[in-house]
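What follows is a single structure, written as structure tokens, with notes after it.
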Amino acid sequence: MKYTNKTDAVLLLEDGTVFRGKSIGHHGTRGGEICFNTGMTGYQELYTDPSYYGQIMINTNAHIGNYGTLINETESDSPKIFGVVINSFSDNFSRFTADGSLQDYLSKHHIPGICDVDTRAIVRHIRDKGTMNAIISSEVLDIAELQKHLDEVPSMEGLELSSQVSVKESYEVGEQGGIKLAVMDYGIKSSILKQLVNRGFHCKVYPARTTFEETEKWEPKAYFLSNGPGDPAVMEYAVDTAKEIIKSDKPLFGICLGHQLIARANGVGTYKMHNGHRGLNQPVKNIITGKGEITSQNHGFSVNADDVKKSTLVEATHINLNDDTVEGLKMRDKKVFSVQYHPESSPGPHDSRYLFDQFISLIN
Ligand SMILES: NC(=O)CC[C@H](N)C(=O)O
């Protein structure tokens, strides 16, 4: 059954393009960077991934909401997206384990959305023109008026967002006696911690701006740099931490934003992509083993492939088979490696979970 609320809503893109549809979730106005995710399933995990903080997500899967929501399918305590764009939205759900409807969930967390729009047309538009800001509203339907609100939305390029989604106080997870791992939280997904704890790590999760000296007091055996939102180019504090970890010779693993920070710590630049990779079926080749992996991805920045080629410190371990972008790095003479994609998946295929085992082998 389709959603029955008939309140009008509008989606205004930065280049002036307007799409009109119906309001879902929270009745209100919110702007952000518009992006699209091509995953066929896992909407609740996507919405709660802190890496999406500041972004309006278009789900290319046409039918969203039909299996409701479930509290333990979240990647953080609340949805982090700023808005959602859906073709056919269902507030009626059918799954015996579900604990509520997507409509109630979005509304409770003040996330506005728009449905009954041609998501395929919107995606084709931004795929050609490149990523841009946008605003959703069910209260300001006049375009000239809404434009004023859109003008206030900051550009994702140059934005530091990790401090806003990171924990405020450090905390520990996993068993005492396990490998002590200092986890820098730049917006970590809970399933990454689950994968680490399942393999016997005793993790201490630190706020993004914690200094290396501070983490060293706990005497961790290894370090992990998490995923997270925003532009790595303006995260000097985190790049400095990465440099100190590398200097200490302790093993280090980074995922997504963590990968970009490790690249920057080695003098490799990052750049904003025309459109990011967001979906569950990005093909990646492991250059070392020659094997292919189907991966879960969510990133709008990438590391500079020419810089990697010229580097004497790092080498590429993985490449994206769609566009040849760098998907993995390792340092030549250190126990340091990283991937741009999400081996924890959630949602997505499990092809790449071997990387967590690789991290353990590297430490031992
Ligand atoms: N998932 C992530 O960690 C995203 C990293 C970074 N914010 C990007 O968009 O590229």
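Yeah, the Cβs are placed from backbone N, Cα and C, and that goes for glycine too.
TrEMBL entries are annotated by machine, without manual review.
Per TrEMBL, active site, nucleophile is recorded for Cys256. Among the features that TrEMBL reports, L-glutamine binding site is placed at Ser51, Gly228, Gly230, Leu257, Gln260, Asn298, Gly300, Phe301. What TrEMBL lists as domain 'Carbamoyl-phosphate synthase small subunit N-terminal' is 7-137. Per TrEMBL, region 'CPSase' is recorded for 1-179.
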Inset, instruction - List the Cα distance (Å, whole number) between Gly230 (L-glutamine binding site) and the residue listed as 'active site, nucleophile'. - result: 11
Inset, instruction - Could you state the whole-number distance in Å separating the C-alpha atoms of Asn298 (L-glutamine binding site) and the residue listed as 'active site, nucleophile'? - result: 8
Inset, instruction - State the count of C-beta atoms found within 10 angstroms of the C-beta of Leu257 (L-glutamine binding site), not counting that atom itself. - result: 31
Inset, instruction - Identify, among the binding-site residues Ser51, Gln260, Asn298, the residue whose Cβ has the fewest other Cβ atoms within 10 Å in this structure. - result: Asn298
Inset, instruction - Average the pLDDT scores across the region 'CPSase' (1-179) and report the rounded value. - result: 96
Inset, instruction - Enumerate the residues of the same chain, Ser51, Gly228, Gly230, Leu257, Gln260, Asn298, Gly300, Phe301 excluded, that satisfy the criterion Cβ within 8 A of the mean position of the Cβ atoms of the recorded L-glutamine site; list them in sequence order. - result: Gly187, Asn227, Pro229, Asp231, Pro232, Cys256, His299
Inset, instruction - In whole Å, could you give the widest CA to CA gap in the L-glutamine site formed by Ser51, Gly228, Gly230, Leu257, Gln260, Asn298, Gly300, Phe301? - result: 13
Legend entry - Inter-residue C-alpha distance, Ser51 (L-glutamine binding site) and the residue listed as 'active site, nucleophile' (nearest angstrom): 9
Inset, instruction - Helix, strand, coil: count each for the residues of the domain 'Carbamoyl-phosphate synthase small subunit N-terminal' (7-137), based on DSSP. - result: 30 helix, 47 strand, 54 coil
Inset, instruction - For each of the binding-site residues (Gly228, Gly230, Gly300), count the other CB atoms lying within 10 A of its CB, then report the residue with the highest count. - result: Gly228
Inset, instruction - With an 8 Å cut-off on Cβ-Cβ distance and a minimum sequence separation of at least 6, pull the same-chain contacts of Phe301 (L-glutamine binding site), or say none. - result: Asp231, Pro232, Ala233, Gln260, Thr270, Tyr271, Lys272, Met273, Gly276
Legend entry - the residue listed as 'active site, nucleophile' CB neighbourhood, other CB atoms within 10 A: 28
